[in-house]
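One structure is given below, encoded as structure tokens.
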Amino acid sequence: MPYKRITLTHFLLQEQRRLGRSGVFTALMTDILTACKMVSHEVNRGALVGNHGVAGSENVQGEEQKKLDVLANDIFLHMNALGGNYAAMASEELEDVHAVHGTAEGRYLLLFDPLDGSSNIDVNISVGSIFSILRLPEGADASKADAFLQPGVQQVCAGYALYGSSTMLVLTTGSGVHGFTLDRDVGMFFLTHPHMTIPADTKEFAINASRARFWEPPVKRYVDECLAGKEGPRGKDFNMRWVASMVAEVHRILVRGGVFMYPKDVENAKKGGKLRLMYEANPMAFIIEQAGGAATTGTERIMEVQPTDLHQRIAVILGSKNEVELIESYHKG
Ligand code: AHG
Ligand code: MN
Ligand code: MN
Ligand code: MN
């Protein structure tokens with residue numbers, strides 16, 4: 001019965017009462033929700049309002065920025081400064097920390113990837129936004145990157161918005177993973193996917209196979225064994241997917257299981273990998289673990305890695321627990 005559904009705000013209030021928490025999560029989430037709704041609106045209008053194409057600038061990663069990378073970043077910065085909850089923010093699209101002035105009460109730090117899967121914007125394939133919330137350490141200067149350099153286990157909340165065939169918001173505050181779908185007419189996210197859990201086993205993997213010539217032996221071994229199918233050591237046939245939007249891949253894994261890999265390889269090793277630890281790997285690792293999955297670099301639990309740089313890159317292997325543990329055993333063995 002659709003009219004019996006609960007909104008994301010009501011869900012957070014219920015959780016707050018159930019877990020005896022302060023109202024802080026509800027407050028922290030409010031501005032993020034608005035930002036995600038606004039980005040969803042801009043993604044959806046696409047070419048109608050000239051939102052496709054490149055911005056003509058480069059970000060700190062050395063990537064060419066798309067118009068929507070810049071627009072989504074501006075929306076996140078603006079909306080999340082208004083509530084007074086955040087002392088500072090950091091983004092894939094900004095080299096330095098963005099301090100929020102005039103909010104002495106801001107005790108939290110917000111990290112985000114405003115638009116994930118930029119290469120998919122102009123071809124109308126799912127994109128998303130990823131966010132991670134940390135506490136501002138006692139006595140730390142919020143305007144300095146050092147305040148942000150906390151391992152993923154310190155996250156108080158993480159989530160993503162998926163701008164797909166429907167817009168969804170998936171989040172964890174450390175008590176399971178819950179998914180909400182945007183009702184555009186009502187303008188609200190409603191709980192549609194409570195307690196998302198990842199099956200421990202899978203027959204589906206995701207990796208950019210065009211990089212096979214760069215893979216390290218453990219990854220090559222794992223993929224070869226999957227490709228060998230029923231006749232191989234795994235004794236089952238595997239399916240492969242690659243959307244090139246991490247948000248979409250993680251969402252698929254939350255819904256039906258699977259494993260996603262963007263490993264360190266001989267070509268990207270000098271940078272440490274491709275995906276960014278603070279606003280891609282850590283929030284996704286938190287969500288995946290809260291849903292019963294696992295997230296590793298191959299040798300180390302992602303959320304235990306001590307960051308040394310705001311834009312640090314890292315190897316990512318995440319998803320169905322038994323599968324991730326198998327890949328990890330190949331790295332360690
Ligand atoms: P972003 O668009 O935020 O820069 O992130 C892109 C990431 C991630 O979403 C995806 O998994 C991966 O890069 C795609 O990489 P390939 O271009 O190698 O497919
Ligand atoms: Mn990018
Ligand atoms: Mn991204
Ligand atoms: Mn991005």
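The backbone N, Cα and C atoms fix where each Cβ goes, and this holds for glycine too.
For 6-194, the entry in TrEMBL reads domain 'Fructose-1-6-bisphosphatase class I N-terminal'.
Leu115 (Mg(2+) 1 binding site) carries a strand DSSP state (E or B). For Leu115 (Mg(2+) 1 binding site), applying a Cβ distance below 8 Å and a minimum sequence separation of six or more within one chain yields Val39, Lys66, Leu68, Asp69, Ala72, Asn73, Ile121, Val127, Gly128, Ser129. The Mg(2+) 1 binding site annotation in TrEMBL covers Glu92, Asp113, Leu115.
If you draw a 10 Å sphere around the CB of Asp116 (Mg(2+) 2 binding site), it holds 29 other CB atoms from the protein chains shown. Feature annotation from TrEMBL assigns Mg(2+) 2 binding site to Asp113, Asp116, Glu280.
Feature annotation from TrEMBL assigns substrate binding site to Asp116, Gly117, Ser118, Ser119, Asn208, Lys274. Sequence-distant neighbours of Lys274 (substrate binding site) (same chain, six or more apart, CB under 8 Å from its CB) are Tyr262, Asn268, Arg313, listed in sequence order.
The predicted model assigns the domain 'Fructose-1-6-bisphosphatase class 1 C-terminal' (198-331) a mean pLDDT of 98. Per TrEMBL, domain 'Fructose-1-6-bisphosphatase class 1 C-terminal' is recorded for 198-331.
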How many Å lie between the Cα of Glu92 (Mg(2+) 1 binding site) and the Cα of Ser119 (substrate binding site)?
15
Measuring Cα to Cα, tell me the gap between Asn208 (substrate binding site) and Asp116 (Mg(2+) 2 binding site) in whole angstrom.
16
Given Gly117, Ser118, Ser119, Glu280 as the binding-site residues, which ones have a Cβ positioned under 6 Å from some atom of ligand 2?
Ser118
Out of Leu115, Asp116, Ser119, Glu280, which binding-site residues lie by ligand 4, with a C-beta less than 6 Å from some atom of it?
Leu115, Asp116
Quick one: which of the binding-site residues (Asp113, Asp116, Gly117, Asn208, Glu280) have their CB closer than 6 Å to ligand 1?
Asp113, Asp116, Gly117, Asn208
What does the DSSP secondary structure composition of the domain 'Fructose-1-6-bisphosphatase class 1 C-terminal' (198-331) look like, as residue counts for helix, strand and coil?
62 helix, 21 strand, 51 coil
